[in-house]
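Enquirer: So TrEMBL lists the following for this protein:
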DISULFID  CYS102-CYS129  disulfide bond
DISULFID  CYS156-CYS165  disulfide bond
DISULFID  CYS194-CYS203  disulfide bond
DOMAIN    1-129  domain 'Laminin G'
DOMAIN    130-166  domain 'EGF-like'
DOMAIN    167-204  domain 'EGF-like'
DOMAIN    209-396  domain 'Laminin G'
Amino acid sequence: DFLCISLINGFVQLRYNLGDRTLILESLQKVTINGSTWHVIKAGRIGAEGYLDLDGINVTEKASAKMSYLDTNTDFYVGGVSYLHLVNPMAIASEPVGFQGCIREVIINNQELQLTELGAKDGSNVGDCDGTACGYNICRNGGKCIVNGTTFACRCSPHWAGNTCNQSVYCLNNLCRHQSLCIPSQSFSYSCLCTSGWVGRYCENKISFSTAKFIGNSYIKFIDPNYKTRDLQFTTVSLNFSTTETEGLIIWMGKAQNEENDFLAIGLYNKILKIAVNLGERVSVSMSYSKATFCCNKWHHILIIQNQTLIKAYLDNSLIISEDIDPHKKFVALNYDGISYLGGFEYGRKVNVVTQEIFKRDFIGKIKDVVFFQDPQKIDLIKSEGYNVYNGDEQN
């Protein structure tokens, strides 16, 4: 399998193969090769159907859905490869040659790649395309970069400050307490995103709870201290939740950093209970249950059992799902790195982006009695990392 974007005789070409045949899309117009004109390419696929857009002019390719997954286990290359013989002969029209020119703002599945020595795994013979100390997008939030000899300075827009204009002027002397986050607002002010155990305008009031209340931009991150001794072929997750919403991520077991990470997830999607599992090879399997309604702050108990590739789900003590997601048992362990999220992810990480649209939004509601791997003790939610989590023990 492969996906390749290249230049062929001045045209942009997208080639991809999901395992059965190679599909080729080519731009309708040539690129300008004067060395100073920037072009925007948007390319990819949804299942077997591919699309290629060059400067707003789109080409699509409808294909049979016989194959729908892109199964690749290699590194991701930009501009060239370490050895030309690594290029699949079907991925290009002629002998492979490295790209000559400038590339910037590479975004893969809504995440921008850092094309720097700190962001890339490896590389060679790559120079600075800007030719100055400024480079691409080094001044944030509308700031203007000014070359100053071999260094640079940023002239920031009115509401931003700092060396690279990444600090809100409203947060420079903020009153947020107890490691809370200062969030600038559009009303020329700021709000405080409180750490777990604190509430109030400036996170000055200490609270305690056993039931966590999530309000839509909340999350709890739990690090399993016993992860290295777990038998990851057998996983159980048990918790109680209540909500008035039809969308929301309840729990995500996994690092959630890239699509290669294993995970087990539970949430609400379009009014139904959805469970998604990925045990390896970036192939996630989703299972849904639509015969229940979740409203009116009514409490529900959910239990998920993973026995290698057999997934069972119980809702309010009734078996609702029993599915073997891979009878061949190619991958049987949930290597989730001991990290679990409740309600959402860190500030700035949108649920729909991180989960690649498996779930749409943060959870709004309450969660309690969380137990992993049949441990004798429930997780003490208030002692875990988290932000914007309230006391859910109260009757409101």
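Glycine is treated like the rest: Cβ placed from N, Cα and C.
If you look at the structure here, what lies around each of the features I listed?
Expert: For CYS129 (disulfide bond), other Cβ atoms within 10 Å of its Cβ number 12.
Cβ neighbour count for CYS156 (disulfide bond): 21 (other Cβ atoms within 10 Å of its Cβ, all protein chains included).
Its Cβ placed at the centre, CYS194 (disulfide bond) has 27 other Cβ atoms within 10 Å.
Outside the domain 'EGF-like' (130-166) by six or more residues, the chain places 104-105, 172, 184, 188 with a CB less than 8 A from a CB of the stretch.
Using a Cβ-Cβ cut-off under 8 Å and counting only residues 6 or more beyond its ends in the same chain, the domain 'EGF-like' (167-204) has close neighbours at 158-161, 217, 220, 347, 381-391.
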Enquirer: Tally of helix, strand and coil residues over the domain 'EGF-like' (167-204) according to DSSP?
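Expert: The domain 'EGF-like' (167-204) comes out at 3 helix, 13 strand, 22 coil.
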Enquirer: Rounded to an integer, what is the Cα-Cα distance in Å between CYS156 (disulfide bond) and CYS194 (disulfide bond)?
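Expert: It is 28 Å, counting Cα to Cα.
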Enquirer: Please report how many Å separate the Cα atom of CYS102 (disulfide bond) from that of CYS194 (disulfide bond), as a whole number.
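Expert: CYS102 (disulfide bond) to CYS194 (disulfide bond), Cα-Cα distance: 43 Å.
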Enquirer: Where among the disulfide-bonded residues CYS102, CYS165, CYS203 do you find the Cβ with the fewest other Cβ atoms within 10 Å?
Expert: CYS102
Enquirer: How far is it from CYS194 (disulfide bond) to CYS129 (disulfide bond), counting Cα to Cα, in Å?
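Expert: So the alpha carbons of CYS194 (disulfide bond) and CYS129 (disulfide bond) sit roughly 42 Å from each other.
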